[in-house]
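Undergrad: Dropping the structure in here first, questions after.
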Amino acid sequence: MDISRSIAQYKIKKRNYNIFLIFGLFIFQFVGIFLSLLRNTDTKNITIIFSLIFIFLTFLTNIIVPKITKGDSTFILLVNLLFSVSLIIMIRLDNPTANKHLMWYFLGVTIFFIVFFIMKYMDKFLKNKFVLYFVLTFLTFLVTFALGFRSGGAKNWIRVGSLFTIQLSEFAKITYIFMLASYYYNIKEYQTKRLGKYYLAIATYIFSGMFFIQGELGTAVLLFGLFLSTMFIFERRYFFIILNIVIGIIGIYLASLVLSHIKVRIDIWLDPWKDYNNRGYQIIQGLFAIANGSFFGAGIGLGRPDLVPVIETDYILAAVIEEMGIFMGFALLMIYIIIFYKTIKVALELKSDYYSVLSMNIGLIYAFQTLIMFGGILKLIPLTGITTPFLSYGGSSTIVNFILLGVLQFLTTRAGDKYEKLEG
């Protein structure tokens, strides 16, 4: 009886807290988007309509998700906050890009709900499919290699008619983490087979090598990082992990020698002033934008983030910091830390290694990409072509991030089931 009363009180507090957060998000969206629309003299009516739909849709998702899941419903709220910051900057920069960004959001949210229900009702079918996920990940490379075109030094884009382009390497992240989860779901069986305990390492080296051939070092490093992190937590084969780290460092060094665009990125990162008016221009203008923002920012519409090339993808964080300040930069970093913390918390609450590996790796994907992007704009590491989750413009990355979010929301429901059982 006491347990039931405690759970009921907890649910009331949680509901009131969520209402407070939803209201706060609404105020932030309304003020930020209004100022952004006001500052942009080229604002079109369609952008205003899309923005209003966006505000309504985020409000709706924040209300619906707690009703369909027993788990943590704050993930979608935090993601909506990140996307709101992104939209404010996109509208301020360029209306057509903002409209496309919103369309990807609308599609992404729809897919989020579809994935949640697919995971809910087809969960058993998706388990223990190591070979299937290996083949699917391999196919993302083969299809791109056969049909893709080169852009920015990497052959990772496929043109779909005259409508849009798709980046299949983004979808490889999904199939790869499901492959990881399937391996650890059946790890005892694999370890009894000859070379079974090396299956995962062999698969990871194949995929990293494929992305290396495509010239997409960022995705190769990301997958390799997921592999090492998962092995460290679930197996603790320390010598093998250290050996793989050494091999990975050697691989990155060789990539810088073989791939010209990687070498150029490293050279420009080390000394952007050497080619200020050309290849170093983006890095230097990005640093100027951050410096101009100071602590509280120049104000929405009062900065010059448009001077930074490709700012809507590579340097979206610099645009946010220039107009909203280093304070907002820290706030965004804290949001990503909270998301990562919550994914690890969910992983610890789940009894099955299969679910735990999924939850942990979704958190790691978001965390690694965020750290790489923060490090890149601050000139701590070279840029890799990876996007900032839910902040950067990009159709493929937005869809993939929402698919991962749908899987994560299902996992929080699995973790939340035990509280429902206690109440019953």
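Just so it is clear, glycine is given a Cβ too, placed from its N, Cα and C backbone atoms.
Predicted automatically and left uncurated, TrEMBL annotations should be read as such.
In case it helps, TrEMBL gives these features for our protein:
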TRANSMEM  20-39  transmembrane segment
TRANSMEM  45-65  transmembrane segment
TRANSMEM  74-91  transmembrane segment
TRANSMEM  103-119  transmembrane segment
TRANSMEM  131-149  transmembrane segment
TRANSMEM  161-186  transmembrane segment
TRANSMEM  198-226  transmembrane segment
TRANSMEM  238-262  transmembrane segment
TRANSMEM  283-303  transmembrane segment
TRANSMEM  315-341  transmembrane segment
TRANSMEM  353-378  transmembrane segment
TRANSMEM  390-411  transmembrane segment
Undergrad: Of the listed stretches 74-91, 131-149, 161-186, 283-303, which one has the most C-beta pairs under 8 A with the transmembrane segment (315-341)?
TA: 283-303
Undergrad: Are the transmembrane segment (353-378) and the transmembrane segment (131-149) close, by which I mean at least 3 Cβ pairs under 8 Å that are 6+ residues apart in sequence?
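TA: The answer is no, given that the two segments have fewer than 3 Cβ pairs within the 8 Å cut-off.
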Undergrad: What stretch in 74-91, 131-149, 390-411 has the biggest tally of Cβ pairs under 8 Å against the transmembrane segment (103-119)?
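TA: If we count Cβ pairs closer than 8 Å to the transmembrane segment (103-119), 390-411 scores highest.
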Undergrad: Tell me, please, if the transmembrane segment (198-226) and the transmembrane segment (390-411) are in contact, taking contact as 3+ Cβ pairs under 8 Å between residues separated by 6 or more positions?
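TA: Not in contact, no.
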Undergrad: Looking only at residues six or more beyond either end of the transmembrane segment (74-91), which have a C-beta under 8 A from one in the stretch?
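TA: Non-local partners: 18, 21-22, 25, 28-29, 32-33, 35-37, 40, 43, 47, 51, 54, 58, 61-62, 65, 97-98, 101-102, 105, 112, 300, 305, 312, 316, 319-320, 323-324, 328, 332, 335, 338-339, 342, 389-393, 401, 405, 408-409, 412.
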Undergrad: Going along the chain, which residues at least six beyond the ends of the transmembrane segment (131-149) come within the CB cut-off of under 8 Å?
TA: 155-159, 168-169, 171-172, 175-176, 178-179, 182, 203, 206-207, 210-211, 213-214
